[in-house]
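Down below is the structure, laid out as structure tokens.
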């Protein structure tokens, strides 16, 4: 054996070690270089990363005590398990997130002046998920109002006005179809779009979502065909109505994804899309200049039943285990300033959560404001099913032709077995 | 094949070459399955956002734009993320090779002792425990020990790969004749010297194989760093890149640019390591 490959191997190994050591040194030197205390700030919703980064830079410059570390990568469950969660977070508020709150992982913010500025009905909205008694654990920061996104130009071209009853809506769809226009663009390949779109809209329009979940939670493991309330009983009618929407979608809807739906809307390939405000900036990305608007999906014959689907888009919270609760509170105060909070909601098409928040003026979401102010809204029914039950896939199966009774019965038994385990 | 050196030889040789048509077609198809996604990746990374969202992957970028690279660079803070990834990978590669080969050497040469035999089975048993199963206790333990950082991740990589690597090394070690070792001992070498001067160099090809596996695993790993590392500033490239994969938005151009930049070191390392493996194998073959 010649010695050269061996010696090469040894030198490069030494080289690697040296490089590793140097890196470790520089990495460690990066921490604590200034006298400021590090406060870790976690953010979900990556599309607003740049905006938040700018706000943090502003906050860093405004005070000398804390340095805010911008975190989009950490795993929250691991952080809480390690008793080392981020110091403060701005996060999508959903059922999975609410578990941390329910178990007392989040600190009480009720003594903050900012907490009293939140609208009472929005505070209540946060309590649709299991709260922790006696604490204001989360401050809702923005609310998403979702409904039917429609292309204004197509509506004008065919002389259509926004429908307020189910029969008006189906008549409108038929008219569009006769004119050779796809009424609704379906993106069934992404199961979540079915959940948040046609499912939540018909369910929310026809039943009282909150009361229903209170009932089935109480019935618990007895949920099934013989119970007073069950998924297969109470949801049968709304699901049947939802399926009536299917013929109004384009033929290749089962193969299309969320992103394709946004591009199609931007290109005027369909008149309507059942999506939330988060889709609007994506539609605008294609830079086609197509003008959009939104209206609630009518699912009954009474215009008084019209409601929009809302969810808490982002909420602020501070864990009990935060290392720097004071620094975290500084950040909450900064983010709750009207000029910071309202600017975000205006720029990203969300609805304000404070009593003094200005109404939305963007033509794309302006129609949502009155429903929001009059509390004519519901939270999406799909949002209250734990992730351990693959309901989105069950729903997709129904849309693809499976019998609704079969899938709803399965949901019943899944719900019952989860309740039995709890 | 003989090495033809006269000037007329190439023409005659070309006439003799026969193409294996089915094999060529199969190889072409295989090549295309790699080349097309790679083309799409490069193509998308050079587009503007407005063009990237139109869903047409094969249209050429117009206008040509390098913005995606700049944005990906700053969004993930690429120099820092790459340093952390390289740091973890370097420790994992070196650690896995050294520790597993030492363990394998001790086990093979003491196979007649029950303790060593059973410790081998004990190590092998770990192959049946995937990381996700023990993730939660690992998260808590590393947190308690102050190892919730890149060093902890590198250590966990070494430990989790120990089973498979030791198995590879033991199999290879058994093929090395003991007489080589005995001759060295007669000349007065200690066990330590025998290992570093004789056994470890002979293990070269296997070390290269283990090294490549270690490199790819630790470089591409998502789950372990995302769970173990608590300081977001010390996070690895794959975890930071997950910010481009969001249910509600897409940035194809930025994400593909970022993937390309993250791929570069892996490709370089792979090319180098591949050369090692081949040279190592042929050296052993023509003794």
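Each Cβ is built from the backbone N, Cα and C atoms, and glycine gets one as well.
Feature annotation from TrEMBL assigns domain 'ABC transmembrane type-1' to B:82-273.
As annotated by TrEMBL, transmembrane segment applies to B:21-40 (among others). Sequence-distant contacts of the transmembrane segment (B:21-40) (same chain, at least 6 residues past either end, Cβ-Cβ under 8 Å): 57-58, 256.
Under the heading transmembrane segment, TrEMBL lists B:84-108 (among others). Tertiary neighbourhood of the transmembrane segment (B:84-108): same-chain residues 116-117, 119-120, 123, 150-151, 153-155, 157-158, 161-162, 165-166, 168-170, 172-174, 195, 199-200, 203, 206-207, 210-211, 214-215, 217-219, 225, 234-238, 262, 265, selected by CB-CB distance under 8 Å and a gap of 6+ residues from either end.
Here TrEMBL flags B:120-139 (among others) as transmembrane segment.
Beyond its flanks by at least six residues, the transmembrane segment (B:151-173) meets 87-88, 91-92, 95-97, 99-101, 103-105, 107-108, 120, 123-127, 131, 138, 142, 145, 199, 203, 205-206, 209-210, 213-214, 217-218, 221, 224-225, 228-229, 236 of its own chain at Cβ-Cβ distances under 8 Å. The transmembrane segment annotation in TrEMBL covers B:151-173 (among others).
Annotation source TrEMBL lists transmembrane segment at B:194-216 (among others).
Through the fold, the transmembrane segment (B:252-273) approaches residues 40-42, 44-49, 51-53, 65, 67-69, 71-73, 75-76, 78, 82, 85-86, 208, 211-212, 215-216, 219-220, 237-238, 241, 244-245 of its own chain, all at least 6 residues removed from its boundaries and within a Cβ separation under 8 Å. Among the features that TrEMBL reports, transmembrane segment is placed at B:252-273 (among others).
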Tertiary contacts of the transmembrane segment (B:120-139), as residues 6+ beyond its ends and Cβ separation under 8 Å: 103, 107, 148, 156, 160, 162-164, 166-167, 170, 223-224, 227-228
